[in-house]
Every structure is written in structure tokens, then in C-alpha cells.
Amino acid sequence: MAQQSLLDVQLVACSTFTTPSGVDWKVDSAATDSEALVEFAGRACYETFDKPNPRTAANDAYIRHIMEVGHMALLEHPTATVYIRGLSRSATHELVRHRHFSFSQLSQRFVHSDETHVVIPPLIDNDPQLRELFLSTVDEVRFAYSELMTALDNKLADEPNAILRRKQARQAARSILPNATESRIVVTGNFRAWRHFIGMRATEHADVEIRSLAVRCLEILKEKAPTVFSDFETSVLSDGSIMATSPYVTDY
């Protein structure tokens, strides 16, 4: 019986900052490590560690200023890594198009599960009849997958390497697995890349699944760098899903 998987995003790594020796600069106590790194990189460009401009002396004011003038390259220094579960293969295909990220994704060639875990689109999940049809179809595909695996195992019986035999069988049989099959993926990106991803995928024009992912990532990143992501505002759409937009993200 197919099992429903729900989106789960966890932060597993984020940049830390240590003031280098020999630099006479005091980190703003209100700044997070990632935000301190952004400011340090900017001040290193112009040797303004003495904070000559009172309007940008505070970390939050400094970061807002560089965003207003479009100096987004400074946001490429801090990075964040998340581990995502409960995301469909079709959604990961959209995710990996963001080439400034680094990815490590669950392999269907090496990992075999006795159960099928799927992500059900809300439009289907909210309708009992459609949900039943969806899950029964997934079960039929899973049965066909198991039959193919058995047949391929028999076909490859002369292969002495059991690991290779199973891998070859899986890589052939997996072609019939549904796009809704759950995947798991580690994603690392700098803050500029994360902002671009959120700007592109948290809009009302994006698919609801990847939009949910983008909004969840925004919530997580706001905790680590509130000023860097504070320009994004969320709102609720007519279908109850959440979107986010920023006046600084215009290249849709």
C-alpha cells in the first residue's frame, strides 16, 4: 500500500564567522554569523572597518543598503545547507534546475524500498475519490515494478556480482515509477542563490509543491539571517497556499 510523504526541510549547516586577527572591527551584537560575514566582506572591499558612515554603522542598516544598491555579490559568502524529505521526483527535477546550488540526491539505483512513498498533490489529496484513484494507481505501478524486478533478476541470473545485478535491475525497472515518488536531497547554496530560488519559486505562478518548499526554506533562512531575507513578504492565496515576494527580486 502506497504511503503518503509530507514535506520536511531541516537546516543541517550554516556559515559561522570569526573576526580575523589584526582587523580592528567590532561585530554588531545584533548580527547573526551569516550577517556579520556579509558586512565584513563588504567592508573589506573598501577598508571601512571604522564605520565612517553612521547611516550604515549598524549591521541591519548596512545589509539593507547593499541590497538597495544591488551589491548582491556580498550575499554569496554565507551558505546554508538543508536536508529535504517528502519532495516528489518531479519537484526535484525543478529544483535541480537552479544550477548555483549543490545537490546530493537519493539514488533509485542503489536504494530499494519495500514500500512506495509518494507525494500527493493538494488538488488530489483534498478529494477523497481522486485520492483513492491516485493511491490505487500508484499501487498498480508498484506491483508492475516488483514484477519487473523479479523478471530482471531472473534475466540477469548469470551475473555473479549480486550488487551489480540488483543495480542493473533497479535502473531498468525504475523507469516506470511515478513522478510522485518521494525523493530525498541535500541542497547547499549561498544566500544569493537561495534568494533567487525563493524569488522564482515562491510566487503564485510556481507549482504548489515547489512553492511550499521555497516558503519553508525562507522561514528557515529568516531565522539564520533575518535582515538578509526580511524583504520577502508572505501572503495567502485563494487556495490556502502561501506565496512570498520581494521588491528586490525582479528577474522572474
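Placed from the backbone N, Cα and C atoms, the Cβ positions cover glycine too.
What Swiss-Prot lists as active site, involved in ionization of N3 of dUMP, leading to its activation is Arg201, and the listing cites sequence analysis. The dUMP binding site feature in Swiss-Prot is assigned to Glu94, Leu95, Val96, Arg97, Gln105, Leu106, Ser107, Gln108, Arg109, Arg174, Arg201; the stated evidence is sequence analysis. For Arg97, His98, Arg99, Gln105, Asn190, Phe191, Arg192, His196, the entry in Swiss-Prot reads FAD binding site, with the evidence type sequence analysis. The domain 'ThyX' annotation in Swiss-Prot covers 7-235. Sequence annotations record features per position, and here Swiss-Prot assigns motif 'ThyX motif' to 97-107.
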Review point. Of Arg97, Arg109, His196, Arg201, which of the recorded positions has the most Cβ neighbours inside 10 Å?
Key: Arg201
Check your understanding: How long is the line from the C-alpha of Ser107 (dUMP binding site) to the C-alpha of Arg99 (FAD binding site), rounded to the nearest angstrom?
Key -> 19
**Study point:** Cα separation, Arg109 (dUMP binding site) to Arg97 (FAD binding site) (Å, whole number)
**Key:** 21
Check your understanding: Which residue, of the binding-site residues Gln105, Ser107, has its CB surrounded by the fewest other CB atoms within 10 A?
Key -> Ser107
**Study point:** Cα-to-Cα gap, His196 (FAD binding site) vs Gln105 (dUMP binding site), nearest whole Å
**Key:** 21
Practice item. Quick one: give me the count of other CB atoms within 10 A of the CB of Arg99 (FAD binding site). Key: 8
Check your understanding: To the nearest whole angstrom, what is the C-alpha distance linking His98 (FAD binding site) and Arg109 (dUMP binding site)?
Key -> 23
Practice item. Please report how many Å separate the Cα atom of Arg99 (FAD binding site) from that of Gln105 (dUMP binding site), as a whole number. Key: 14
